[in-house]
Every structure is written in C-alpha cells, then in structure tokens.
There are 2 protein chains.
Amino acid sequence: MNKILVAQGGGPTAVINQSLVGVVLEARRHKGIDRVYGARHGVRGIVNEDFVDLTQETSHNLELVAATPSSALGSTRDKPDAAYCHKMFQVLKAHGIGHFFNIGGNDSSDVVRIVAQEARDAGYPLRCIHIPKTIDNDLVLNDHTPGFPSAARFVAQAFAGANLDNASLPGVYLGVVMGRHAGFLTAAAALGKKFADDGPHLIYLPERDFDIDRFLADVDAVYKRHGRCVIAVSEGIHAPDGTPMIAKLAQDLERDAHGNVQLSGTGALADLLCEEIKAKLGIKRVRGDTFGYLQRSFVGCVSDVDQREAREVGEKAVQFAMWGDQDGSVAIQRAGHYAADYALLPLEAVAGKTRTMEDAFIADSGTDVTDAFRLYLRPLLGSGMPDAYRLRPAPVAKVLNR
Amino acid sequence: MNKILVAQGGGPTAVINQSLVGVVLEARRHKGIDRVYGARHGVRGIVNEDFVDLTQETSHNLELVAATPSSALGSTRDKPDAAYCHKMFQVLKAHGIGHFFNIGGNDSSDVVRIVAQEARDAGYPLRCIHIPKTIDNDLVLNDHTPGFPSAARFVAQAFAGANLDNASLPGVYLGVVMGRHAGFLTAAAALGKKFADDGPHLIYLPERDFDIDRFLADVDAVYKRHGRCVIAVSEGIHAPDGTPMIAKLAQDLERDAHGNVQLSGTGALADLLCEEIKAKLGIKRVRGDTFGYLQRSFVGCVSDVDQREAREVGEKAVQFAMWGDQDGSVAIQRAGHYAADYALLPLEAVAGKTRTMEDAFIADSGTDVTDAFRLYLRPLLGSGMPDAYRLRPAPVAKVLNR
C-alpha cells in the first residue's frame, strides 16, 4: 500500500486548508496512492502517531473545510531538532509512508529538509515536499506565500476603515501589525489608502531602524499638516542595536507592567507608543489598536486569488512528487500582470532562510511604500476589494459668522 | 426657502452614512424642501456654521457614500449643555432651517430634545428628529439600533476565527469588546459558535458583576475540560461596587503603566487579565486581543439587513417630519421573524436613557447568552454569514505506540 501523509505547521492562515484539500483531492486521483493520512497538530502528531485517515472524508466536506480558515488538522509551535526529526522518520517508516507533505513556513521547510536527509541516509524511499504558507511572506525565492494575500487584505481593509474613523473623529490612530522580521504585512496598510490625504500617513517597518525621536517628529509633522494622523507599526520595530522597541520603551519609561511579558500577543507596544505621543506631543485624542489574531484568523476576509493559489500549491506538490519523483519546496512565481506559476525549489534553497522587504518596496523616507510595492501587492488582494467614497465639498456661506 | 439640516454624532458605524443618504434622497423628493444642508463634525459644525450643501451632490455619489463606513460629514465627541444648544438654535434660526435631523445615540437624542424645546419656547417653527445609531445597541424602546448589527457581525466573525485559531493551537484566547454599559456587542461573540465544544466558552458582560476569582475558576474549569478556552470580555466589566475592572486590576497588581490612562482604546484590560491567568493558573499559552476600532470601522464587514434599516430610518425620519409634522425619535420595531417596522417615539422617552441587556438574554451562569438572544440577533447579522466546517474524525491505528 502506498500511503501519503500531510501535516500543517505554524500559525494558521485563512487559506491553509485549501492547500491541505489540494493535496488530498489530487492524491486521490493518482492510482499509485491508496491512503491519505493527516497528522493531528503538525509534527507533534507525527511523533505521537496521531493520524487521521483523510481517504474516508467526503470530497464535499473537504471543499467546505477548504473554505474554512485556520488549520483543520491542528497545528503546533514545536520546533523539531535532529532527534525529534529522527523520531518522525521512524514513525513515517513504521506506517509505510511513501510521501510526506508539510504545509508551513521556514521552520516547516527545515523539518522537511532534515527528514528527507534521514530517509536518504537510511535508504528508505520517501518523497518529501514542503508546501509554502505564512502570513509573514518571508520565504526566500517565493514571489509571495499563500496566506499572506488574505492577511494583507485584512490589514488594508482595517486601515481603510481606521482612516475613515480617524477622519470623522480626528486625532492620532496607531495600528500594530504582525511580522517580527519582515514588514510585508504592515506595508499592506498602504493599500487601504485612496485619496492623497488618506492614512496611513506613516508606516514603520522592521527593515528600518526605529528612532523614537524621529517617530515623534514624523507624527507631529503629519498632525500639523492634516489635523490627524494614522500610523501603521510593525510589532518587529527595533532600535539600531536590534533591541525590540517594546522592550526599550518599557525600560526607558521605567514601567514594569510590560517589562517581562511576551513581545507579541499583547497590546503593550501600541499602548506605549500612544503614551509617548500623548506625553511628548500633547495630543489628547490618541488611540492604539493591536490587530492581534484577527489579522490571521478573521472569518470572512479572504482573497480569492490567495484561495486559488493555496489550493494549487497543494495540488502541484502532489504532482511534483508523483510525476517528478523529486523532493523540494513548492514556490509561487509571478508569470504576468497578474498570473502565477509554480516551481519546485531545492529544500536547501528555502529551508530556514528569511526574506525581508526588498529596498525597492520601501520609500526613501522609510515611512512609506513605493509604487513598485503597490503594483506587487494589489493583484494579490483579489476581487471585490471594498472602496471608500466621500462627499464633495460644497460649503454654505456663514450668516452669523461669529 | 425651506431648508433642512442633517448632522452625524458620536462614534462612527458601518452604516451611519446610509441614514444620512436616506435623509438627503428622501428630502429631495419633497416639494416643500429646497435645500439640504449637512453640518460638518456634528453639533460642533452647527455652532461653527460649518455647513455643506448636500443638494449639490450627485445621487450617484450619495449611493457610493452610503455604502462607505464611518461618518461622511464628520462627527464629534462634544456633549452640548444648555448654552451650547442655545447657540445651535441661534444658528439654525439664522440660516432659516425648518427641519433638523440628528443621527446618533443617547447624547444626540438629548441634544435634539433640548433644541426642540428652545424652538418651542421661542415660537420658531422647527421640526426636530433624532435618527438612531449606535453599535452599543443601548437606546431604550428600540428593538435594536442601526450600526449594532454590523458591529455584531464583525464580533461574531472575529470569534468564529479566533475559535478556529485556538482549536488549531490550543491555549487561552481572550478578546475584549466595546460597550461600556451594555453587553449586547460582547454577547454577539456567542453567534460565532457552531459546534458544541466551540468557543467562546465564557462571556463576561457589564450587566453582571465581575469577580476575578470566579473568572479564574471558570477559565480553569473550561481549560481542564477542553484543553483550551476562548473568552469574550466586555470593556465595561466592573466590580460589585462599580469600579471598572481595569482600574481595579491595575491597582491590585501595583502597576502604574495603566493606572492613569483611559479605560478603553488601549490593550490594557486584555493584557492584565491574561497576566492573571498566566500567573494564577500556570497556563503558558495565553493571548489577548482588544478589538478596538476594528469592530466599528472595518471596511468590508457589514450586515445587509443593517444597511437597509439604516437607510430606512433616514427616509422615515423625513417622512415623519414632512407628513406627520411631529418631533420625535425614530425607532426600529420588530414585526415578524424577521421583519422591521418604524415608529416615531417622543424625544423624552428615549433621550439620555440607557438600555442594557435584558435578563432573558443572559444565561443563569452569567457567562453565556440564552437561545432567546440567539433568536433575537441572528436575523440582524444579515445574509452570507461565513460558516466553519471541520474534518470528521477517522483515527488511524498506531503502529509503534510508544
């Protein structure tokens, strides 16, 4: 019996189940495959032999699961070392798995690389394929990664709304966006902007060093010009020496509430920056939101382009494995304005490496994106992006004029 | 010349521009009305004579603005006293305004009441109509208020996603929802729940006193049962003596970072509750999000029922004023499963009063809603609510079984 195993790793996305279902449905078409197993909670489910038989699932329910966000098999934050990977390999061998598909980001691709090496060393016939997924968009040699476009759409729509809210009740609004090392998702805030005076007026990315004095001067200048200011901030902003700003701010302000807590999954960075603005610039109405888990798990905000591509990387993974008989990492490549194509890259070329935003995508000011980035991201957001309209000014002459 | 004036007050909603456009387009149909003015930034625009002539706007652009969230005329947080209202009346008189429409919540209805009284006292012919709007759903004698259904839809979708995320990577997830005195919006989290073991498992409303020890016991019990826990918390939760929990927690923990800051618009409450759970229950993976402005301004999450009703309250306001020749506050009344009708209530009956969640909507446990609430809210969320699906279990027998 030829069996394949599929697993999902890392943070959930809006479309990761598309890739899962892409693997399952495509695998069912191949005569060489008898069983499709899924590992519960990623690599941990592999070492624990916690498998479900996806061959018994209806194609109808699979399609409904595909359209459901988050990881239907469950995920894990385990980061396997060599010993962990060795155990995984032993389980794969014991179950007679012939093909292993792992859907995830950097860490997941590295696991695939190590397990593939184990199999080669043991002379066991195992095809290992990494299927890309990450809202951070930080896999090298990929035009972009499934999950990023939908999260980017959420961020763009959120800032489009925050801008309208801020225009209605002027003040300073600051939104903190996920992405520890890569600023792509934060930069997506720029796609929420329509009119020239719309926010976000300032965007702070982890690709540029953060300086609190320059930040305050930037905010002050925008506030004086527009009477309001909308700011997108990456959770990964850091001082020139690499210290995360949240740690630095908490320390500088001699505050202990956030000194020893995790750096993300809290509202601390937004709160600390807002307090700085209030204290130093004397602006009263300052509000900060941390987008948190909403940006990766919100049900009902998804890019149809992302859905299609996430499905296809799953399908292509099976095709590469069955017809190409190769290990590797599936990657999306841009093939037009806009079209996508797929390649199988060597695992060593992708595994464990981190892409950050290219300089060509960041404006010289360091607080905005370029048109090259807008051109890059816009088609990925998909169809039906909401648009914002405003009343045209037709002022009425004053009578009392007091 | 007969002129009407329309203004928008308080926090923006996803559909407040529908009401504005409902007034403008309906007013244009009436022969008795020559000009439709809009006040920029609510009551402040009235005292400042900051008006725009909406008669000159195209109906096409008005329709596009109607579908755009937030207040297209701008809003204000000003809470007018008697002197402020007197100034407003003087401006209305100077411009020959014959009808005044104010779209907003409690405070806005009270302004309409005072201005109407001013006009009566001065013997000046002015029809004054309050048009309801608030995501808090806290206007008395209204089945519900425009803006609430769309915000509720956002909250329900957010928790549906957070639940999937939490099921994939188990731990404790806590989301803080707007609503200082009324828990309707927080309670909407329950509509994100589909399967019996789905979150939110616990819901904390301002209608019930909050006790931190009972909260921790609740979380502990759910976590032991399901291996995870999803919690919805109103920003308005308070101790039995009325002290907001955020103030109490910050004080108890001898922390100063949040002691003197505003009680909403920060991530502090979520962070403090998460720290309590980590410290007292020893659970490692605890994450808190504060939904903040996303829940009222997100572009692209709207209830079509809410859109239609928000449009109709605007239209009905003009019809009541022109055909009924009465002052009052427009209210939505439920007329079937599901159908809406509209009434004009006396301003005194609505102005300045606050509705909270009825006991029949809150489960005896105090941490869940009743089916009566589900029946009440579901039709308001509108069509096309996203649904979540899961894989059916088909476990594979273990081989190594280590």
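Note: Cβ is positioned from N, Cα and C throughout, glycine not excepted.
What you are looking at is a predicted structure, and each value in this text was computed from that prediction instead of being measured.
The DSSP secondary structure for A:Asp136 (active site, proton acceptor) is coil. Of all Cβ atoms in the protein chains displayed, 26 besides its own lie within 10 Å of the Cβ of A:Asp136 (active site, proton acceptor). As annotated by TrEMBL, active site, proton acceptor applies to A:Asp136.
Secondary structure at A:Asn106 (Mg(2+) binding site), taken from DSSP and collapsed to helix, strand or coil, is helix. For A:Asn106, the entry in TrEMBL reads Mg(2+) binding site.
Positions annotated as substrate binding site by TrEMBL: A:Thr134, A:Ile135, A:Asp136, A:Met178, A:Gly179, A:Arg180, A:Glu235, A:Tyr293, A:Leu294, A:Gln295, A:Arg296. In the three-state DSSP scheme, A:Leu294 (substrate binding site) falls into the helix class.
Annotation comment: TrEMBL describes A:3-320 as domain 'Phosphofructokinase'.
Using a 10 Å radius centred on the Cβ of A:Asp107 (site 'Important for catalytic activity and substrate specificity') and all shown protein chains, the other Cβ atoms total 19. The annotation site 'Important for catalytic activity and substrate specificity' is assigned in TrEMBL to A:Asp107.
In sequence order, A:Gln8, A:Gly10, A:Thr13, A:Ile16, A:Ser19, A:Ile103, A:Gly104, A:Gly105, A:Ser108, A:Thr145, A:Pro146, A:Gly147, A:Ala310 make up the list of same-chain residues 6 or more apart from A:Lys133 (site 'Important for catalytic activity') whose Cβ falls under 8 Å from its Cβ. Look at TrEMBL and you will find A:Lys133 tagged as site 'Important for catalytic activity'.
Counting every protein chain shown, 22 other Cβ atoms lie within 10 Å of the Cβ of A:Asn106 (Mg(2+) binding site).
The recorded positions shown are A:Asp136, A:Gly179, A:Glu235, A:Leu294, A:Arg296; of these, the one with its CA atom nearest the CA of A:Asp107 (site 'Important for catalytic activity and substrate specificity') is A:Asp136. Less than 8 angstroms from a Cβ of chain B: among the recorded positions A:Asn106, A:Asp107, A:Asp136, A:Glu235, that describes none of them. A separation of roughly 12 Å, to the nearest angstrom, links the Cα atoms of A:Glu235 (substrate binding site) and A:Asp136 (active site, proton acceptor).
A:Asp136 (active site, proton acceptor) sits 6 Å from A:Gly179 (substrate binding site), taking the Cα positions as reference.
Among the record's substrate binders, A:Thr134, A:Ile135, A:Asp136, A:Met178, A:Gly179, A:Arg180, A:Glu235, A:Tyr293, A:Leu294, A:Gln295, A:Arg296, no two C-alpha atoms are more than 17 Å apart, and one pair sits at exactly that spread. On the backbone, the CA of A:Thr134 (substrate binding site) and the CA of A:Asn106 (Mg(2+) binding site) stand 9 Å apart. In sequence order, A:Gly11, A:Pro12, A:Thr13, A:Ala14, A:Ile135, A:Gly147, A:Ala151, A:Phe154, A:Met178 make up the list of same-chain residues 6 or more apart from A:Arg296 (substrate binding site) whose Cβ falls under 8 Å from its Cβ.
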